[in-house]
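Asks: Relevant sequence annotations retrieved from TrEMBL are reproduced here:
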type	residues	note
COMPBIAS	46-55	compositional bias 'Basic and acidic residues'
COMPBIAS	231-244	compositional bias 'Basic and acidic residues'
REGION	41-71	region 'Disordered'
REGION	228-250	region 'Disordered'
REPEAT	70-103	repeat 'TPR'
REPEAT	357-390	repeat 'TPR'
REPEAT	432-465	repeat 'TPR'
REPEAT	501-534	repeat 'TPR'
TRANSMEM	20-38	transmembrane segment
Amino acid sequence: MAASKPVEPQSGTGLPRWQLALLIGTPIVLGAGAVYLWNRRRTKERKGTGERKTPEGSPGRHQPSPLDRAQAAKNKGNKYFKATKYENAIQCYTEAIALCPTEQKSDLSTFYQNRAAAYEQQMKWTEVVQDCSKAVELNPRYIKALFRRAKALEKLDNKKECLEDVTAVCILEAFQNQQSMLLADKVLKQLGKEKAKEKYKNREPMMPSPQFIKSYFSSFTDDIISQPLQKGEKKDEDKDKEGEAAEVTESSGYLKAKQYMEEENYDKIISECTKEIESGGRYTAEALLLRATFYLLIGNATAAQPDLDRVINMQEANVKLRANALIKRGSMYMQQQQPLLSTQDFNMAAEIDTRNPDVYHHRGQLKILLDQVDEAVGDFDECILLRPDSALAQAQKCFALYRQAYTGNNPSQVQTAMDGFEDVIKRFPKCAEGYALYAQALTDQQQFGKADEMYDKCIELEPDNATTYVHKGLLQLQWKQDLDLGLELISKAIEIDNKCDFAYETMGTIEVQRGNLDKAIEMFNKAINLAKSEMEMAHLYSLCDAAYAQTEVARKYGLKPPTL
């Protein structure tokens, strides 16, 4: 199975999309995600915290009380506010605050909140925060004041406190208000990007697990550097140089690196490639591409790009090396959220190596991420035409067609896509990816039993693939609400591959849903340290910050979302 985890394309609703996809699409994960991660639609009665009406009574018959006079000042302020005379409104609300008895906390909090609304119109953010804080002190669950303060804190670039306020608002509103959800999404993404930028710059490069590396290379079928070299193998132009070839075989850093690849001794590959490059050996282009590939695998895109650039610009190099470098640079650009540069590289690869199935396979994945499903299907078709035995391309084409039909709410096309999956697994019974993608589609269709069978097939074919165990664990939660079995399967994934960041992320998500926020933060931090790109790291920081914000809201206001 392919090992990358790009972000799913955004839906047209504008709502947050929190979960990273595994290759293309993910099964439904419990909850809405991040800070909110457990967003069950439910009906909840809430007392209104709006403005209090003027007290009943006949002012003509009795001397107005201080509260009556305060209410009158507030009402006058409301008229000025509607007339956009904000300075006059502020004066009236200030008078109402001064007149209001201190024991009338509900009314007093309303007056402060109203004055904050007027300050907001004048863009006096510090004053807004001060008045909303007074309102919240008097009425700790005052939604209007909390949300208005959150917006002002964002303007003041105080993201941490803004997030805490908007988290409280989302919980109080039972996650039904799109405005507060979108503000939370925005702030979480900003915080995640800021933290990831700093952390990623100073991170220690980490070699992923052997299973991840093998999965990555298995997504290429026309990649020279991933093919095993036969002993004494030489380029065509060297076939008449027997003595020289033997010497190269013994001294070539690149050939040694290839030997280390076969032995799964991955830590030595970069250094051996460097020897080949520095000596100007005949395998310089291959060594540059192999070194760049492993730089990408350990998450060092900065070091990878110059090597990829050199290979791409080597006009004398094998065209397949140059095309492969373009595919990898294009994928790197997509990870960096630069889709235009990514598209340019894939198009250039298709121009220089028109019959390379890898180009169309990987460009098809890019098109899916960009929600260009028709073009993706065309690329998968081209890949299949060039390599009819490409089970992976066949399975991914089915999934692209399924997603198109599912999002377009076309039942007949959905069934056609499901029939396509049946055909793929029948013709390619040893393609684990076919079963995995079919399982995701079956989960969407709530055919949980059959989805479970497909994951069992994946595990039978690839018993050391940790990601499959995570997906199967999530299925148990959604299907049977079996928390213990779900956690057992995800723990098994970590046991198989203790570098599986997706397993730690999922475990953290579940712990948030269970209300174990400290444990969730621990899991998210483990995933952060294993993230393979800055974009993945930013996503994980968002989840971690969301969980931390919940701990602060629980401490300050005693507010917690429902748990499993």
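The chain as shown is numbered from 1 upward.
Cβ from N, Cα, C; glycine included.
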Asks: When secondary structure is assigned with DSSP, how many helix, strand and coil residues does the repeat 'TPR' (501-534) contain?
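Replies: Split by secondary structure, the repeat 'TPR' (501-534) comes out as 29 helix, 0 strand, 5 coil.
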Asks: Looking only at the repeat 'TPR' (432-465), how are its residues distributed among DSSP helix, strand and coil?
Replies: 27 helix, 0 strand, 7 coil
Asks: What is the three-state DSSP composition of the repeat 'TPR' (70-103), stated as helix, strand and coil residue counts?
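Replies: Breakdown, helix to coil: 27 helix, 0 strand, 7 coil.
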Asks: Please count the residues of the repeat 'TPR' (357-390) that DSSP assigns to helix (H, G, I), strand (E, B) and coil.
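Replies: Its residues divide into 27 helix, 0 strand, 7 coil.
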